[in-house]
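Here is the structure we will look at.
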Amino acid sequence: MVYIICSYFSPIVHYLNALEVKLKLKYTIAEKKTHKAKRTYIIHMDKSTMPSTFNDHLSWFDSSLKSVSASAEILYTYKNIAHGFSTRLTLQEADTLGKQPGILSVIPEVRYDLHTTRTPQFLGIDKATTLLPASDQLSQVIIGILDTGIWPELKSLDDTGLGPVPSTWKGVCETGNNFNSSNCNRKLVGARFFSKGYEAALGPIDEKIESRSPRDDDGHGSHTLTTAGGSAVAGASLFGLASGTARGMATQARVAAYKVCWLFGCFSSDIAAGFDKAIEDGVNILSMSIGGSLLDYDRDIIAIGAFSATAHGILVSASAGNRGPNEGSVTNVAPWLTTVGAGTIDRDFPAYISLGNGKIYTGASLYNGKSLSDSPLSLVYSGNVSNSSVGYLCVSDSLIPSKVSGKIVVCERGGSSRVEKGLVVKSAGGVGMILVNSEEYGEQLIYDAHLIPAASLGQKSGDALKNYVFSDPNPTAKLAFGGTKLQVQPSPVVAAFSSRGPNALTPKILKPDLIAPGVNILAGWTGEVGPSGLSIDQRHVSFNIISGTSMSCPHVSGLAAILKGAYPEWSPAAIRSALMTTSYTTYKSGETFQDGATDKPATPFDYGAGHVDPVAALDPGLVYDANVDDYLDFLCALNYTSLEIKIATKRDFTCDSRKKYRVEDFNYPSFAVPLETASGIGGGSNAPCTVQYSKTLTNVGTPGTYKASVSSQITSVKIVVEPEVLSFTELYEKKSYTVTFTYTSLPSGTTSFANLEWSDGKHRVVSPIAFSWT
């Protein structure tokens, strides 16, 4: 079984971690007792080969299935992202079916898991009234969210001032447990749920703990949906933190919820069905904060679904993942996906830890309850007040009450949920907690709505604090909480958790594409669980603050909706290009963004083209456009067979043997340039090595003459742009150019970077160039 990693640091993950053993047991029982050795498969059929003896394709599907299993039933049929169906089969049955005529592929189910008030001001949307599309234009745009559903009572879904639902909308408001058709309105225009794959794998949904309906029991879906397109809500906050007017990126856009994720994961057959219906319903933008292990494009249901959506003119944005700062950890790398990493904004929630030796450290916390005494309290290290070998992790029942009572406890991160550690401290009589990072987590701080006074510290400060506890005979500390702090600089900083390039699947495509706000984002929340996600947490909130690339993704989805409203005729690639080439990578001082993991300058492998700038994106000047034919050529460049292309794209296409296909000719807005090392250059001689990329720019602004300029960190690689000047006289006029990279040797290290800029004096069309070698 392949597992897809959560793209956000949701409090509900605490709950899921606690249920991990239960999940594995439940899955094993379901497999052995209920389904024996069966699992779910997605079956791709060759539409053109249906025998004439069948009157319709459903009959053909059923006959093909019954030929290998008399008891198997069809879970879903697909018509947009694939021509086929999903079902439960044994391995032997799946092998037999795969050998039948008309069967393109039999793909095993993949289990997936899930990967604001300040951001409109931070992004400058509140000041861009002259450039934003008219509200009636934006209200024709529909954003679909593939996620955990929606909590429909949220004020963020108020439809006041919105006109009739767009006539293009074909979706519905499905009913189910705790959800009826009246839960939708002119803002939330549709809601569906897809549970057949989930229930086939794990058995019937327990409606005591989750709703078999579009209702969101997790919080993640409500958060991402309201971030993308929530209406403005005055007086929003989390316990007074981040107070202000909460609004989504595209407040006038319509939203639709597709619940494909449940408390125990998201299954590919359900995700495929969600894609299929979203395309059929008529969404314009699809947002999915789901990601995971890299799979070939013809095996990855997210890539397959996103291709069909793109072919229907739908931009699909996806989270890059939370495996940073590990190199090559980025997921969702298909070039028809807009892949979004995470950065900070200029808002923080500091906590101050004052030690008895006079040292003061700044940590992080969303605690906003009763404060501790102003007097110093005794400070103990969890590993020294426990009878357990893992007591330093503050796991359940690991602390000795007589040694903890009335004291602040230092706990190590890992092993159990962060908020739950505080409850372990409380149950042992402790009054506060300081959660310190190990080397594994570095300086990455996660802000939690703790149930006791608690704060998190990065590794460096945590190590210093522990040294104090270990060396002082009577260590003490005070905890104070700073509330909401604005105008925090530097910002943005690339989030330490945000997944990084290079692109391990297709190294010549730079991913992530860009970054957007993804740290401490306030947005709508479910009424089912508290902000910590723990069952003991009875606090109910309408808004919650969480972090992850799951939060940055819907920011871009909403901004893409704004561009779609302004330019309805633009393709998904044109919208992505506008967002990428107008992004920025430096602070006002001219210094490059910091990497939150190292405090050193970040690189395009961290932030892609840069941090999104929606105001500039509304007037990009030029774009790098691409269509279905370009994507087919891209797959040919990767040596995909006709069968593999048909599975990935649902198209009959054969690569032309007379044509030379190259990824270097794919019209992407950024450059990833893998270089050969010295042993491979010129066959071992001193002959120069040359790599050439070709691109095409489309004018989407006024006529103008653009001049190319290159800035580079690497002097040993000569970069030549031909021609250096491009003149455009008409709207949508296209002009091509080449970039040639020539080198005879490479410096020490493994990466270097450059930028290519086209400018007419008003517009700056900037593409990052990321070199890599080993």
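A Cβ is built for glycine as well, from the same backbone N, Cα and C atoms used for every other residue.
The domain 'Inhibitor I9' feature in TrEMBL is assigned to 40-115.
Per TrEMBL, the feature domain 'Peptidase S8/S53' maps to 140-609.
What TrEMBL lists as active site, charge relay system is Asp147 (among others). Around Asp147 (active site, charge relay system), taking its Cβ as the centre, 28 other Cβ atoms fall within 10 Å, counting all chains.
Per TrEMBL, compositional bias 'Basic and acidic residues' is recorded for 206-221. Secondary structure of the compositional bias 'Basic and acidic residues' (206-221) per DSSP, as helix, strand and coil residue counts: 2 helix, 1 strand, 13 coil.
Per TrEMBL, region 'Disordered' is recorded for 206-228.
The active site, charge relay system annotation in TrEMBL covers His220 (among others).
Counting every protein chain shown, the Cβ of Ser550 (active site, charge relay system) has 33 other Cβ atoms within 10 Å. What TrEMBL lists as active site, charge relay system is Ser550 (among others).
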Distance, Ser550 (active site, charge relay system) to His220 (active site, charge relay system) (CA atoms, angstrom): 8
Asp147 (active site, charge relay system) versus Ser550 (active site, charge relay system) - Cα distance in angstrom: 10
Helix, strand and coil totals (DSSP H, G, I; E, B; other) for the domain 'Inhibitor I9' (40-115): 21 helix, 26 strand, 29 coil
